[in-house]
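Trainee: I'd like to ask you about the structure that follows.
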Amino acid sequence: MSTFVNDTVEDAIKTPELDQPFEALGLKDDEYARIKEILGRRPTDAELTVYSVMWSEHCSYKSSKVHLRYFGETTTEEMASKILAGIGENAGVVDIGDGNAVTFRVESHNHPSFVEPHQGAATGVGGIVRDIMAMGARPIAVMDQLRFGALDNPDTQRVLPGVVDGISHYGNCLGLPNIGGETVFDDSYAGNPLVNALCVGTLKVEDLKLAFASGTGNKVILFGSRTGLDGIGGVSVLGSASFEEGEERKLPAVQVGDPFAEKVLIECCLELYKAGVVVGIQDLGGGGLACATSELAAAGDGGMRVNLDNVPLRAENMSAAEILASESQERMCAVVTPENVERFLEICAKWDVTCAEIGEVTDEKDRYVVVHNGEVVIDAPPSTIDEGPVYNRPVARPENQDELQLEGEIARPVDVEEIKAAWLKLVASPALASRAFITEQYDRYVRGNTVQAKNANAGVLRIDEETNRGVAISADASGRYTKLEPNTGAQLALAEAYRNVVSTGARPVAVTNCLNFGSPENAGVMWQFKEAVHGLADGSKLLGIPVSGGNVSFYNQTGDEPILPTPVVGVLGVLDNVEQSIGNVLPSEDNDLYLLGETFDEFGGSIWQQVSGAGLNGLPPVVDLLNEQRLADLFVGSDLFAASHDLSEGGLGQTLAELAIHADKGMDVDLSQIHPSLFTSLFAESASRIVVATNRGEELEKRAAELGVPVFKLGCTNDSAVIAVKGADVEFTVSVEELREAWTNTLPEAFGHAVGANAVVA
């Protein structure tokens, strides 16, 4: 038993005027007053800690709830019919047919990754994997969305190697393939990097698990790693506040991960599920035991009593508040019927997983009681802990938004040599250069079910070895577009993720998101947030695919400067047969090349605008989601395509370069019908476009015409190792080797040819 002297409920009643450090825990004056009103007294230290954790921005969504409701308001019955678990659960779960379900979610670990890059990123992977485990699923793959400051910024040089090393170390040790992602460099992320991790898992429909505590007398069992002092205050210290300059040393609030412990925990959980001994389950992530137990209690049909004296600890004399707020990793909390406790403990012992019975479900409805050292340190309604306050914060369009949307001048090369130089400059830019320097550290093919990963439009995985049924997943975002017009920016992210999935031949079925924004106390940021939510919700409704869940990360700023608003959007698609999926590597034999979709003179927020020094201004490309649907109708179930590659940042020039580099193929292309300006044809970033390779051009042209998809023949591939480009009145050539050298050298040169302990440079 701990020798720590607790502040008990009895003490709180006797000392009502005791000063408490509620502000240091992130609570406002009115929130503290509300807690006292709920309890009818001052809170104990443990109660104050639990309320501060659960009412933090990270856990309560108190500034975003009023806007997130719009996702539910725009979800039709038809859209919701395939969602087995949606918004509010640990992860969205989608019924994909044949008794199979897929769960996926993306979550942020931004602030911890700035403070301690390796552990912050590693535990971000571990946390999202446990979210998937808590749904009753086996995790099968991860992805990541990373944002850093400018490539030459000293802070980027400090943070990126640790983040990449953390992701690769944890994911590789778990034996989970990393099947895709994005890495973006922009000044706005200096001092506040974004580390968003996505995980996907599979399960049988009947094996779905949910987070609730029901059944009076059922036991609450904590299992996994022991509880220590790491990560205390993570969600309130790091997840709910912005950084000031020089605040990178908030180390006590950063969790420490052990991937080998999590790997064992995965197998232990799966055996527990198979044995049928779990009534409800919750992972321990942000908010630790305080969050897990209070959420289980709030979602159940009774109350809960927890005895902290039974919690396995790895530090001596921990207070009740410390035990509850600890964010030690690799822990789960389960509700188990009394008759199944023995079997539960046996399975944990088999896997050498530490476990302990720490409480039980009671018949005291909406009562959450916690005991430590034999004394009651918490006695509160769990519903008030779980629900938290809801703020409808001021929303105001920024005063400079109109000025920002004015189209500025950009350099427009006309001379052949200038256009060629611009092309090489673009592919070599930090925005578009090869990410192999990073991704080669990730194991993409472990488990043997990865069909597409490296340089693919979307990650493709087989989930059923007998039927070859599979899924395609893509996650995308553009902070530059969203800064210019948040509603359109969010829809462009949705459109790109949707198009990436479609270009593999998969049928999109669901959406997830991670919304990364600045301070919610800034009315301009809240306008960006509201507009982005509405854009994403309206876009998902138009496409007919539901938002199955998501995450919000506020306070992403350094001082008063917020990051670019960055709504990361993930789309999940289903493939009936992964062997028929469409890749993005040109076949060895020559094929005709076609461009699907129209090209307009759209450079607002483009990479060319950034690389040419024109800043950020204008309007982003027009998004037409009906055009995206027409592309889906053309691709899903089709066998017309030998390869495909969507167009996004960098436009057609970037797509042609990547196709040629990956296959070491040359090509002859005539762009005179794409746009009168060769420069615009190559570098504009119009949406709803895909380049395809096919030897069945006439069939493609006929089918595209039937669906209303604009189609332009570009030319054909060859073995010349040269791209020959023809415009309306100019022609030039560029060798594939020139493009490859420009594309591959940027990151290795910037980081001295090594990133982290696991670096393997291709």
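Here the Cβ of each residue, glycine as well, is placed from N, Cα and C on the backbone.
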Trainee: Among Asn153, Asn513, Asn584, Asn591, find me the residue Swiss-Prot lists at the same ATP site as Tyr61, Arg105, Gly550.
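Mentor: ATP site check in Swiss-Prot: besides Tyr61, Arg105, Gly550, the record includes Asn513 out of Asn153, Asn513, Asn584, Asn591.
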Trainee: Taking Ser548, Ser553, Ser581, Ser588 as the options, which does Swiss-Prot list with Ser108, His109, Asn110, His111, Arg130, Gln255, Glu327, Ser328, Gln329 at the substrate site?
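Mentor: Candidate in the recorded substrate site: Ser553.
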Trainee: Other than Tyr61, Arg105, Asn513, Gly550, which residues of the same chain sit close to ATP? List them in sequence order, counting a residue when its Cβ is within 8 Å of the Cβ centroid of the site.
Mentor: Leu68, Ile87, Val106, Glu107, Thr512, Cys514, Leu515, Gly549, Asn551, Val552
Trainee: Please identify which of His58, Arg105, His109, Arg130 has the densest Cβ environment, defined as other Cβ atoms within 10 Å, among these recorded positions.
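Mentor: Counting Cβ neighbours within 10 Å, the top one is His109.
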Trainee: Give me the CA-CA distance between Ser108 (substrate binding site) and Asn513 (ATP binding site), in Å, as a whole number.
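Mentor: That separation, Cα to Cα, works out to 10 Å.
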Trainee: Given the binding-site residues Ser108, Asn110, Gln329, Asn513, Asn551, and counting only Cβ atoms in the protein chains shown, which has the most within 10 Å of its Cβ?
Mentor: Asn513
Trainee: Take the C-alpha atoms of Tyr61 (ATP binding site) and Asn110 (substrate binding site) and report the distance between them in angstrom, rounded.
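Mentor: So the alpha carbons of Tyr61 (ATP binding site) and Asn110 (substrate binding site) sit roughly 16 Å from each other.
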Trainee: Which one of these binding-site residues, Tyr61, Glu107, Asp131, Glu327, has the sparsest Cβ neighbourhood, judged by other Cβ atoms within 10 angstroms?
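Mentor: Sparsest of the binding-site residues Tyr61, Glu107, Asp131, Glu327 by Cβ contacts within 10 Å: Tyr61.
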Trainee: Given the ATP binding site residues Tyr61, Arg105, Asn513, Gly550 in the record, what is the largest Cα to Cα distance, rounded to whole Å?
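Mentor: Those residues reach a largest Cα separation of 17 Å.
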Trainee: Measuring Cα to Cα, how many Å separate Glu107 (Mg(2+) 1 binding site) from Asp283 (Mg(2+) 2 binding site)?
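Mentor: Roughly 14 Å, rounded to the nearest whole number.
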